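Notes for the one structure printed next.
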Amino acid sequence: MCFGPFARICHWGPLTALGIIKLVTGVTLYCSSMWWPSTSWGGFLNTCCFMSLSGLTLYNFMSSMFHGPGYLPPGWKPVHEEDCVHLQWCGVCQGYKAPRSHHCRKCGRCVLKMDHHCPWINNCVGWGNHAHFTSFLFFAVLGCAHGSVVLSLALYRGINRTWYLYHGIQNVPIIYLNLYGLVLCVFALGLAIGVVLAVGMLLFFQ
């Protein structure tokens, strides 16, 4: 799998990001199916809303990774020779740098309107994929905020399940979490809150 167009995924950044997206999505859907089943209109809308945010997060993540930032061709120079005096020279690419472009040491290319090299997408963020990258951050924060609410309420109901059963309360959903489910729920909740805080800060700066 680590060849051709898929080689960009074979890096700790994209693999970790995809793992977080998959884990938070899977555990949230599992808990949501017990906390607010999709058999009701409210549960159906809740599930559709969360799946839309998760899908848009994944789409913009893959788009920002594979679309690329846009590179200057090696040996590039402006059409008018007199403009060269206003441009910087890149000794690695053996060409001039366009305005607001920078050379990325990890990519080995001059990137148009370079923002930074992001290890999570294993690519630079620049002119070609900045919109997808910002959308990825936005939907990731919204999706994880939504997931945090669902996981928090499901975890609360799951921990107090025996109390509801003991008092015979039947008008609330009963959440069944075994040891593995409890660990995954807590872990997914921690990841979701971490994404909201860390990625939300990056989104603010973007």
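Placed from the backbone N, Cα and C atoms, the Cβ positions cover glycine too.
Automated prediction, rather than curation, is the source of TrEMBL annotations.
Residues annotated as transmembrane segment in TrEMBL: 12-35, 41-61, 136-159, 179-205. Look at TrEMBL and you will find 87-206 tagged as domain 'Palmitoyltransferase DHHC'.
A contact links the transmembrane segment (179-205) to the transmembrane segment (12-35), because at least 3 Cβ pairs that are 6 or more residues apart lie under 8 A. Sequence-remote contacts of a segment are chain residues at least 6 beyond its ends whose Cβ falls under 8 Å from one of its Cβ atoms, and for the transmembrane segment (41-61) they are 17-18, 21, 24-25, 28-29, 32, 121, 132-133, 135-136, 139-140, 142-143, 146-147, 150. If you look at the transmembrane segment (12-35), the same-chain residues 6 or more away from its ends with a CB under 8 A from one of its CBs are 43, 46-47, 50-51, 54, 57-58, 61, 65, 118-122, 140, 143-144, 146-147, 150-151, 153-155, 157-158, 173-176, 181, 184-185, 187-188, 191-192, 195.
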